Amino acid sequence: MAGSKKETPLMKQYNAIKAKHPEALLLFRVGDFYETFGEDAVKASKILDIVLTKRANGSASHIELAGFPHHSLDTYLPKLVRAGNRVAICDQLENPKDVKGIVKRGVTELVTPGLTLNDNVLEQRKNNYLASISFGKEINGISFLDLSTGEFMLSHGNDDYIDKLVQSFNPSEIIFCKTHKSRCESLLGSDHNIFCLEEWIYGFDFGYEKLNTHFKTKNLKGFGIEESKEGIAAAGAILYYLEETEHKEISHISSISRLDTDKFVWLDKFTIRNLELVYPQQNDGVPLLQILDKTQTPMGARLMKKWLVLPLKEKSIIESRLGVVEAMLEETDLTEEVQNHLSQISDIERLVSKVAALRINPRELLHLKRALLHIQPIKEQLEGAQSDALKKFGDRLNPCQQLLEKIETNLKDEVPLNATQGNLIKDGIDPELDELRKIAFSGKDYLLQIQEREKERTGISSLKIAYNKVFGYYLEVSNAHKDKVPAEWIRKQTLVNAERYITEELKVYEEKIITAEDKLGSIEFNLYNQLVTFASDYVNEIQVNAKCIAEIDCLLSFTQVAQAQNYCRPSIHDDNVIDIKEGRHPVIEAQLPSGEPYIPNSVMLDDLSQQIMVITGPNMAGKSALLRQTALIVLMAQMGSFVPAAYAKIGIIDKVFTRVGASDNLSKGESTFMVEMTETASILNNLSDRSLVLMDEIGRGTSTYDGVSIAWSIVEHLHNHPKYKAKTMFATHYHELNQIAEDFPRVKNFNVSVKELDNRVIFMRKLKEGGSEHSFGIHVAKMAGMPNEVVIRANEILSHLEKDRIKENQEELVSSIPKNNFQLSMFESDPHFEEVLTLLNQLDINTISPVEALLKLNEIKSILKGQKSS
Ligand SMILES: Nc1ncnc2c1ncn2[C@@H]1O[C@H](COP(=O)(O)OP(=O)(O)OP(=O)(O)O)[C@@H](O)[C@H]1O
């Protein structure tokens with residue numbers, strides 16, 4: 001863009017404003033249009049598919065231009081923001097009628113992907129979070145804000161933790177200090193909308209003061225966040241960012257809470273993805289959310305997503321959710337009534353944020369009223385319930401009676417979208433308004449009377465009174481009647497066929513009407529704003545209602561699913577046991593063609609006799625489904641939902657880890673063997689006593705011997721861990737692993753049974769005790785439609801190999817697997833014992849890489865082989 005030569009005054013003003021927001025796409029209001037210039041215009045024309053033209057810019061050559069009518073802002077703005085742009089909306093700050101020369105303009109809002117109140121940018125059933133990260137040496141701070149609901153949280157933790165939270169909350173935008181750009185990208189990838197701020201904005205003192213100023217507090221103890229120094233720095237930066245983006249009316253952000261990880265089950269990002277809690281892994285997949293989410297309100301839908309990624313660890317809260325579901329299942333009439341009302345409650349959480357921001361339009365205020373009307377009947381229903389748990393919800397609801405009455409008495413039942421359009425406030429509220437309405441209305445009526453009177457007086461039958469902007473009301477006389485015009489009429493305009501006149505009387509009335517209409521508009525606007533200010537006193541009450549309605553909605557959703565799918569109430573325990581009888585997979589079950597049953601299976605895990613289940617079985621047998629259903633049942637129970645089982649005793653779990661062997665998600669192109677091993681290492685380094693570990697085909701990304709060795713040593717490690725007895729399900733088709741159970745008391749073998757019939761495999765899907773003998777891989781190949789000669793040849797080769805193995809190798813193969821220290825006594829007498837021991841002692845388990853470990857394993861193997869030959 002040329003800027004140095006002489007520019008037009010308008011472009012000069014544009015350039016000055018653009019210079020203040022160089023990162024944003026500037027929508028510059030000119031008359032009835034929003035215009036974009038220069039590079040912004042090129043970008044906007046592409047995204048919005050609007051015409052790109054050129055505009056003369058004084059002597060400073062030409063500049064690209066693309067614009068759209070101002071009333072289409074709601075259509076175009078979301079497209080720009082969704083394309084990842086920050087959009088600065090620059091409005092005219094004065095009425096052009098009142099100014100000579102250039103109108104004052106300024107940016108009234110900077111919309112960014114993470115900061116918007118615009119319904120077209122927001123997704124109703126999803127939160128729209130802005131995340132702020134304050135990177136530290138080891139501990140980082142993180143804060144999330146949903147401006148559209150006022151939800152504000154902070155926390156702190158290491159890189160893994162930040163990564164996991166970002167995955168769980170899926171923010172639309174992430175801000176952080178500019179010095180950490182590469183660190184942020186290497187931790188979180190480059191798919192996010194990011195924005196960098198100056199370093200000083202991430203200072204703790206700055207953040208602490210910002211938060212105290214905003215909440216009008218002296219310290220932050222009341223919020224329970226005082227200890228989270230890094231979190232405070234991150235949250236403070238959010239408040240700064242709000243100011244910078246012209247979001248100044250933010251009283252709905254009335255509190256900040258600590259996202260307390262101790263309260264929730266730890267799910268690493270791989271687990272959230274692999275268990276398909278919220279999003280499916282494949283486009284046509286179905287996540288658990290889709291099964292459990294029958295919520296009616298946007299607040300409920302948003303809360304449901306949070307409940308899914310943040311299952312609880314606190315028994316009392318889980319029990320209270322389960323108690324409500326049980327009560328709802330019993331009091332069916334009541335829940336049906338409540339459900340009917342819920343379906344008519346719109347997004348009061350977001351509407352009330354707009355009240356606080358003083359940006360609610362008349363139609364939205366009506367929606368808020370209509371939604372609030374349903375609070376009272378829900379409250380009455382719940383207060384009349386048998387169950388105390390339901391009664392408590394009733395107590396929490398506040399029907400906001402006074403606010404309802406105020407809106408009801410003031411606001412008309414049909415209102416325009418915009419408060420400046422008038423016709424909003426009912427008659428009888430303001431005497432001046434009533435008086436002016438009479439004048440405006442009867443004034444127009446009077447003009448008609450003048451028209452009729454003058455027609456009669458002058459005999460001009462075609463006489464009519466009309467209005468134009470240039471000279472207001474006038475009398476129009478066609479040329480045929482020109483000679484009948486009275487002398488006192490003043491001629492204003494001559495047309496081809498007619499002449500236009502004004503009179504003294506007309507001017508007096510015109511003045512009266514115009515002043516009345518102008519005044520009317522401003523009185524109505526003021527009265528409307530007073531109404532919004534009145535409503536803003538109810539922000540907290542409505543926020544509490546919104547939270548309560550969201551919870552009721554989620555619990556009702558659980559109730560509906562429990563009833564429809566025949567789920568049972570899990571019994572939650574402090575014992576370290578998971579005992580599921582006849583468990584089912586909630587998602588697969590719901591998708592089976594009707595009439596096809598899901599075969600239920602029982603699973604028991606504890607820390608005394610059955611800590612590790614090694615589950616063998618052929619491909620397609622149902623091993624993965626069993627592993628996943630166990631985790632889903634545990635997590636659903638800890639969300640407070642009933643579960644797909646005949647009985648479930650759930651000893652509270654604090655961490656769930658899942659790893660899927662490399663080839664299971666090769667399609668994603670990310671599962672090299674190395675990744676699989678790194679991820680497995682991270683499980684082994686983060687275990688706890690109440691962890692649930694699911695390993696599916698770990699080790700299959702390498703050669704069979706390597707695979708078996710790794711799988712074997714992982715199972716041993718989990719069994720012999722000095723501190724934790726993590727409950728583990730280990731699915732594999734290396735049936736060689738069944739041998740482990742003989743040496744380790746808490747390892748038990750199971751297999752998902754299949755039947756061989758006429759050289760075919762029939763999947764029974766039933767979990768049985770004991771190992772399995774072979775893999776049935778060739779049968780599956782046959783089922784997959786492999787050419788017959790390939791299947792026959794594969795069978796030939798297999799029987800040849802199996803014969804050989806049985807003859808010489810198999811015994812040796814299994815027995816040659818090195819035993820670990822759990823069995824040291826067995827070979828303490830061995831001449832190679834000292835050598836192996838020294839080698840093991842030199843190893844630093846915490847720093848060794850998987851590949852080095854494999855090499856060492858190989859070395860140990862060779863030493864032991866030497867022992868055999870000696
Ligand atoms: N208990 C069950 N009842 C009915 N259908 C089932 C059951 N378990 C699994 N299935 C069906 O069988 C299919 C294969 O199951 P799954 O993926 O768990 O097998 P797998 O043993 O893990 O196989 P692979 O080793 O090839 O991954 C599932 O997609 C599901 O549709």
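Glycine is treated like the rest: Cβ placed from N, Cα and C.
Copied over from TrEMBL:
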BINDING   GLY617, PRO618, ASN619, MET620, ALA621, GLY622, LYS623, SER624  ATP binding site
DOMAIN    691-707  domain 'DNA mismatch repair proteins mutS family'
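Across the domain 'DNA mismatch repair proteins mutS family' (691-707), the prediction's mean pLDDT works out to 77. Shown in sequence order, LYS623, ALA731, HIS733, ASN751, VAL752, SER753, VAL754, SER772 are the residues of the chain, 6+ apart in sequence, with a C-beta less than 8 angstroms from the C-beta of GLY617 (ATP binding site). Checking the binding-site residues PRO618, ASN619, ALA621, LYS623, SER624 against ligand 1 with a 6 Å cutoff on the Cβ atom leaves ASN619, ALA621, LYS623, SER624, in sequence order.
Just so you know, the Cβ of PRO618 (ATP binding site) picks up 23 other Cβ atoms within 10 Å once every protein chain is counted. A Cβ within 8 Å of the Cβ centre of GLY617, PRO618, ASN619, MET620, ALA621, GLY622, LYS623, SER624, the residues given for ATP, is found for these other residues of the same chain: ALA731, HIS733, VAL752, PHE763. For the binding-site residues listed here (ASN619, SER624), the lowest count of other CB atoms within 10 A around the CB belongs to ASN619.
The DSSP secondary structure for SER624 (ATP binding site) is helix. DSSP classifies GLY617 (ATP binding site) as coil under the three-state reduction.
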